[in-house]
Amino acid sequence: MDNVSHTFTIFVTLIIIILQLVTRSEGEARAQVIKLICDNGRQNNQTLFVPNFVGMMEQIAAQMRTSRNATALVGTGPDSNNGIAQCYGDLSSDDCTLCYAEARTVLPSCFPHNGARIYLDGCFMRVQNYYFFQEISGPNDTIVCGNKTRKSRPFQDTVRQAVIKAVTVASQDSDYFAREQMLVSGTGNESVYVLADCWRTLNSSLCRACLENASASISKCLPWSEGRALNTGCFMRYSDTNFLNPVPVISSSSNRGKIIAIVVSVVSSVAVLAVAFMIVLYIWKRRYLQKKRKGSYDVKKLAKILKDSSLNFKYSTVEKATGSWDESNKLGQGGFGTVYKGVLSDGREIAVKRLYFNNKFRAADFYNEVNMISSVEHKNLVRLLGCSCSGPESILVYEYLPNMSLDRFIFDATKGKALNWEKRINILIGTAEGLVYLHENSKIRIIHRDIKAANILLDLRLRAKIADFGLARSFQDDKSHISTAIAGTLGYMAPEYLAHGQLTEKADVYSFGVLLLEVVTGMENNKSKTLEYTDSLVAIAWRHFQQNKVEEIFDPNLMMHIYPNSNYQEEAMKVVHIGLLCTQEDPSLRPSMSTVLKMLAKDDEPLPAPSNPPFMDEKTMELNDIRQNLRHYFNRDDSGSVATVSQSHIFPSSSHVSAIFIVLIIILREAIRSEADARSQVLRLTCENQRENNITLFMPNFVGMMEKVGAQMRTSRIGTTHVDAEPDSNYGLAQCYGDLSSDDCILCYAEARTFLPSCFPNNGGGIYLDGCFMRVQNYNFFKEISGPNDTIVCGNKTRKSRQFQDTVRQTVLKAVTDASHNSVYFAREEMLVYYGMMSAGVVNELVYVLADCWMTLNSSLCKACLENAYASITKCLPWSEGRALNTGCFMRYSDTDFLNPVPAAINSSSNTGNKLL
């Protein structure tokens with residue numbers, strides 16, 4: 001009895017601990033808008049300003065997906081857009097994403113003013129048409145005081161002490177952040193809570209100056225119980241209520257990782273050694289890889305390492321060489337900053353990469369580029385002259401190449417004429433030679449990871465030099481591949497790298513293959529979808545190659561159709577052939593770079609026939625996350641049962657401890673399942689062909705429409721509105737699919753809203769994501785169910801059996817019926833694939849289907865749209881994945897469970913969760 005009682009006590013204690021820790025790990029996003037401030041000046045040249053604004057917002061959004069702060073600069077002069085976004089230091093990654101989503105949704109309402117800033121309780125965002133990253137004060141600095149309660153003098157004195165302490169701690173902290181909790185003397189249990197945060201574009205002294213200004217301002221809120229200081233370079237808040245979140249662990253990539261750590265510690269405490277060992281080993285490996293990827297270098301270490309190095313440049317020397325970062329010396333925008341031309345005192349011309357960070361989060365990328373490029377030397381690699389990390393920004397100094405990058409030529413209708421075929425083939429051969437050196441002939445094997453035209457620079461004689469090593473990775477000769485975080489440029493990344501994160505030299509080969517096709521065609525892969533072509537460049541080249549019509553896609557600037565040269569034409573066809581060999585789906589079939597170089601250099605080299613290129617949209621690739629890894633331990637299904645596992649292999653022998661462990665598994669499993677997927681991957685963005693002429697009317701209507709839709713989406717799953725009268729009107733529709741939670745819906749909609757304005761100045765556009773949809777037009781489209789832009793997106797990872805295909809058809813048909821009869825026009829289905837007597841080895845194979853109509857339709861229109869979608873999506877068979885993107889609805893099937901649990905609000909009013917087993 002004592003043993004049973006003791007075991008039960010341990011059991012209850014563990015449950016309480018886990019529930020407490022899991023609850024505490026869920027922070028508050030604090031996404032309430034405190035103040036939106038629009039500048040007084042208005043933007044006159046909207047034709048330039050709007051594309052720059054959209055481009056800047058896209059750059060910031062890309063950085064915020066993986067970081068807690070972002071900076072971007074697009075354009076020059078008064079039509080430029082400088083932007084910054086930052087979450088305060090105690091927000092988790094998920095809460096940061098939610099807060100930033102709210103900020104970027106509201107901020108565009110300041111248009112057509114040429115600057116704006118928004119303060120939320122968890123994050124900040126600002127955009128301007130000038131460089132403001134070092135500003136700490138301005139006329140818009142203000143305070144927001146709460147006036148619910150007047151507090152005692154001891155409370156006020158404690159606020160002042162806590163604020164002074166926060167100023168000191170934050171200005172000395174590497175992240176410029178502080179959170180303080182201080183007990184009010186003589187009260188027993190009353191406390192003061194303070195948060196202080198500087199923008200990370202500042203340095204320590206600027207941060208301190210800003211926070212001292214903020215502390216002087218915020219004290220004016222006393223004796224009230226709450227106060228906020230909204231300053232140009234920082235944010236401060238005090239309160240008598242605990243609004244602070246636990247500071248997130250940087251090395252943990254998500255809340256799921258925290259849950260695993262919790263389980264490891266709990267299970268270890270009850271001596272479940274076998275399981276503890278497996279999970280600890282998994283976490284150790286994960287963190288080891290993260291540490292290896294991110295690096296352990298911070299700015300202070302770098303400064304120490306580089307101080308006595310021949311590569312060290314004084315910040316003042318570089319600043320003077322660029323004319324104090326004069327705008328006229330700006331060459332372009334780099335990955336994490338801006339590139340300037342400079343002239344040293346000895347007359348040497350240099351290119352300076354000015355990076356907008358000075359903290360440990362990006363220091364590893366900085367060190368990686370310095371370390372990597374300084375260790376190699378080749379005529380086709382850009383030479384690094386030096387660097388500096390002692391000033392306000394980290395700086396890289398390169399040799400100056402006057403012709404800049406290849407993309408400025410081949411994608412330009414005028415400059416492209418300067419590169420005839422002979423020059424282009426020499427550039428390709430030079431690039432190949434550089435890659436051969438990196439892969440095979442350097443001291444360490446190096447994979448560049450970001451080969452594209454923008455990273456191929458040209459010297460005075462138009463010789464190619466590979467640049468931008470910030471994403472490069474090295475690995476040992478005895479390793480076949482390395483596992484790494486996904487990084488690079490969409491459209492140039494190999495499919496196996498996108499899908500699994502496994503990196504080999506064949507990833508560079510794939511990127512080089514895309515580059516070969518771009519040089520021949522003059523088409524940019526990421527922008528190849530035009531009125532004439534709706535596929536990717538690789539697909540276009542493959543189709544013309546199959547039809548023996550490659551000459552139809554030659555760059556018009558090559559003039560081969562006017563001045564035919566059989567030798568050049570044959571050579572160009574061979575380059576397309578090599579490009580298709582390099583972009584084959586199976587990496588083992590792609591040639592090595594040394595083989596590619598031989599193919600390019602030798603006219604008589606026979607070429608093998610290429611196999612099918614990958615049929616995929618890089619933006620739809622679903623990367624592995626921790627849920628997929630844990631499914632090896634829990635065979636997930638929706639019935640709530642735990643997978644049967646041999647006790648002798650996994651569970652300890654004690655039945656009591658086994659019971660405890662099972663409950664732990666269930667709790668962890670449910671915690672993982674409760675974290676739904678926002679499915680905010682962009683599938684397709686379609687812009688109308690017609691352009692808007694009356695921008696003066698159209699843009700205010702567009703902004704007004706987006707604001708109204710955004711307001712509805714904060715409290716609903718659908719937003720519809722229209723502003724003004726045709727033809728300058730704006731009709732808008734946004735909708736999340738029925739299985740997305742409220743938070744995930746906000747995330748998905750924010751992503752849609754970020755990308756859709758890139759259709760400007762066209763007068764309409766639609767965007768499909770895996771979790772939501774948005775469309776705007778200058779006419780009423782709410783009842784449309786079909787149109788010329790309807791399409792399908794098929795995945796080709798796996799060809800499936802006939803039984804699987806039959807099950808897909810059955811499940812999709814059922815989804816059509818269920819969704820059209822459902823009050824919210826939504827259905828999610830799961831159906832077991834039946835193999836009859838041949839079921840051995842394929843038990844539990846399921847088909848997952850989602851169908852969703854826009855809620856502006858009626859039942860009959862919904863059914864008609866989904867029937868069209870059914871007819872289209874079945875063309876994706878026998879592939880394992882398919883999506884139908886129709887004017888009035890969305891449909892998807894897969895052999896992988898992508899469905900989320902249906903939110904309670906929807907589930908209570910409709911029968912949307914069907915399971916057919």
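The chain as shown is numbered from 1 upward.
Note that Cβ sites are derived from N, Cα and C of the backbone, with glycine treated the same way.
What you see is a predicted model, and the numbers here were worked out from it, not measured in a lab.
These features come from TrEMBL:
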BINDING   Lys353  ATP binding site
DOMAIN    31-132  domain 'Gnk2-homologous'
DOMAIN    137-243  domain 'Gnk2-homologous'
DOMAIN    325-616  domain 'Protein kinase'
DOMAIN    680-781  domain 'Gnk2-homologous'
DOMAIN    786-898  domain 'Gnk2-homologous'
TRANSMEM  259-284  transmembrane segment
TODO: For the residue listed as 'ATP binding site', just give me the three-state DSSP call.
DONE: strand
Task: Tally of DSSP helical, extended and coil residues in the domain 'Gnk2-homologous' (680-781) - done: 37 helix, 32 strand, 33 coil
Open item on the list: Considering every residue in the domain 'Gnk2-homologous' (31-132), what is the mean pLDDT value?
Closed with: 84
Task: Cβ neighbour count within 10 Å of Lys353 (ATP binding site) - done: 25
